[in-house]
Ligand code: CP
């Protein structure tokens, strides 16, 4: 693995190595080397709290030097292309780039660069480090993936988290189901669509997705009714009470409280939403360490 672009590019062995390594860092069983002669740039063309801040902490724990890059004060504002921006950072000495961009598969146009790229999310395409931190969280809880029943609820069509997790969870042997309003179904993904109320008492994991308002057509946004959505597709108090004792609740966040999940359930005992965020920092340390070791 020279880059981390999509979960579809990772083998099961690579996935297991990365999540195992992240857990070892978290538990103090593995201490990554310090990369104090190497430089990283974080290019966030879309907003972020979790991904950006956890990459920043991970990079500083690994001793990397940060290139001060903000899209709002860079020559992106003068119309510089993504390719020219990234090529420039390569030429000034960056050793790795972390990129979030609204364009699906933006990385295709960067294929000729000689610098590793870690995808921090591309449009409605993929969010591989989110998927890996989700897998790390699931592995901590269940110890394996084979045969787990996982319900992913919400805005499937517009969610890079749904797409990344669909691919990786299926590859690892989990049973993935979706629940979604008709207009947010993605028929390209081969998982059954179910009624949340028919399966909520049987699932091991219920994974809620953020409603991706920024990717909706105006007509879709107009149709969206918060109460209606919460009632039909959200984790209500009643549904939470029907979960099996061992089942867990996940959400990549940011959470629209009272929409995807009742506000009082975000930190309920079976919720792992904040553990996912904590794991994200260790997972991103493991990914950067792995890629920089490969680069040599
Ligand atoms: N889950 C996630 O990607 O959150 P941010 O958008 O805050 O990075």
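Here the Cβ of each residue, glycine as well, is placed from N, Cα and C on the backbone.
TrEMBL entries are annotated by machine, without manual review.
Marked as carbamoyl phosphate binding site by TrEMBL: 50, 51, 100, 127, 130, 253, 254. The secondary structure of residue 50 (carbamoyl phosphate binding site), as reduced to three states from DSSP, is helical.
A C-beta separation below 8 Å, combined with a sequence spacing of at least six in one chain, links residue 210 (L-aspartate binding site) to 154, 155, 159, 251, 252, 253, 254, 255, 256, 260. Residues or ranges marked as L-aspartate binding site in TrEMBL: 78, 160, 210.
Annotation comment: TrEMBL describes 3-140 as domain 'Aspartate/ornithine carbamoyltransferase carbamoyl-P binding'.
Annotated domain 'Aspartate/ornithine carbamoyltransferase Asp/Orn-binding' per TrEMBL: 146-290, in sequence order.
Secondary structure at residue 78 (L-aspartate binding site), as computed by DSSP, is helix.
Here the Cα atom of residue 50 (carbamoyl phosphate binding site) is found 15 Å from that of residue 160 (L-aspartate binding site). Among the binding-site residues 51, 78, 100, 210, 253, the residues whose Cβ sits under 6 Å from any atom of ligand 1 are 51, 253. A 10 Å cutoff on Cβ-Cβ distances gives residue 253 (carbamoyl phosphate binding site) a total of 19 other Cβ atoms nearby, all chains included. Sequence-ordered, the extra residues of this chain that approach the carbamoyl phosphate site, with Cβ no more than 8 Å from the Cβ center of 50, 51, 100, 127, 130, 253, 254, are 48, 49, 120, 121, 161, 252, 280. Each of the binding-site residues 50, 100, 127, 160 was scored by how many other Cβ atoms lie within 10 Å of its Cβ, and the smallest score goes to 50.
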